[in-house]
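Copied over from Swiss-Prot:
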- 122: active site, proton donor (ACT_SITE)
- 61, 63, 89: Mn(2+) 1 binding site (BINDING)
- 89, 121, 170, 245: Mn(2+) 2 binding site (BINDING)
- 304-316: compositional bias 'Low complexity' (COMPBIAS)
- 1: N-acetylmethionine (MOD_RES)
- 302-322: region 'Disordered' (REGION)
């Protein structure tokens, strides 16, 4: 894809900011197709377990909250001023999933060695068919466009290792994960199965009330106790697991004696919660600090799909559903 086309897409998307809101930006179907096919090729040339270096900024779920994505870049610096890793869940629930994913794909194409995207459980046809992205694509474009995005999502990497010490994924650990090579060897393109390693990396959750592995309230994958985090870090000589996938009140929350952190980057999630959003900055010495997007007072009318206009579970210590 020609650089000038990507530059133009980025310029138009960044130009959507209109005070505290963002205007809709209607890219052409041809532009979306170019973004998806170009990004897909880049994803497949890079490993499924990315090996990255600090300094880097890590963001959790954004869920179509495009104005908040722009706020993250205002806080952290627009690429390439900083390196970024996003932990998935770019689409669904919010009302500007198309703009959100298109800006992220455009940045990935333009700065492929400095800007990284992992797959979340919502980058999956069976999930985003229900929770809003399909409806947004169909209303604004066509079902064909949704399928183009699906093909791209099936090629996203699923985990990242920062300086061989911080392991990042969307969901969490898996009882099937014994060696990091098992992540490297997950084939792509792939749909997300309903069980197994790929499923767990995108769906599992920590649970402070259990030891070992437990049933997950989501009806998919497992929960895991602090003992499993400690055991995994010791076995693989790691310092920290960094994941997203759950709404947490302050935008970030530690678990297992600060050996795992949850990051969630969509403040006022779904227009219903009072949660803050956060971004984690990892410096050269692997010291982690947090930048917070405060929750706004006003709760807007949100989005497309199954949960539009419906209250969810309030964020709790330990996290609501992401």
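Placed from the backbone N, Cα and C atoms, the Cβ positions cover glycine too.
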Query = In terms of DSSP three-state secondary structure, what is the assignment for residue 61 (Mn(2+) 1 binding site)?
reply = strand
Ask   = According to DSSP, which kind of secondary structure is residue 245 (Mn(2+) 2 binding site) found in, if we only use helix, strand and coil?
value = coil
Message = Can you check which residue among the binding-site residues 63, 170, 245 has the largest number of Cβ atoms within 10 Å of its own?
response = 63
Ask   = Counting across all protein chains shown, how many other Cβ atoms sit within 10 Å of the Cβ of residue 61 (Mn(2+) 1 binding site)?
value = 30
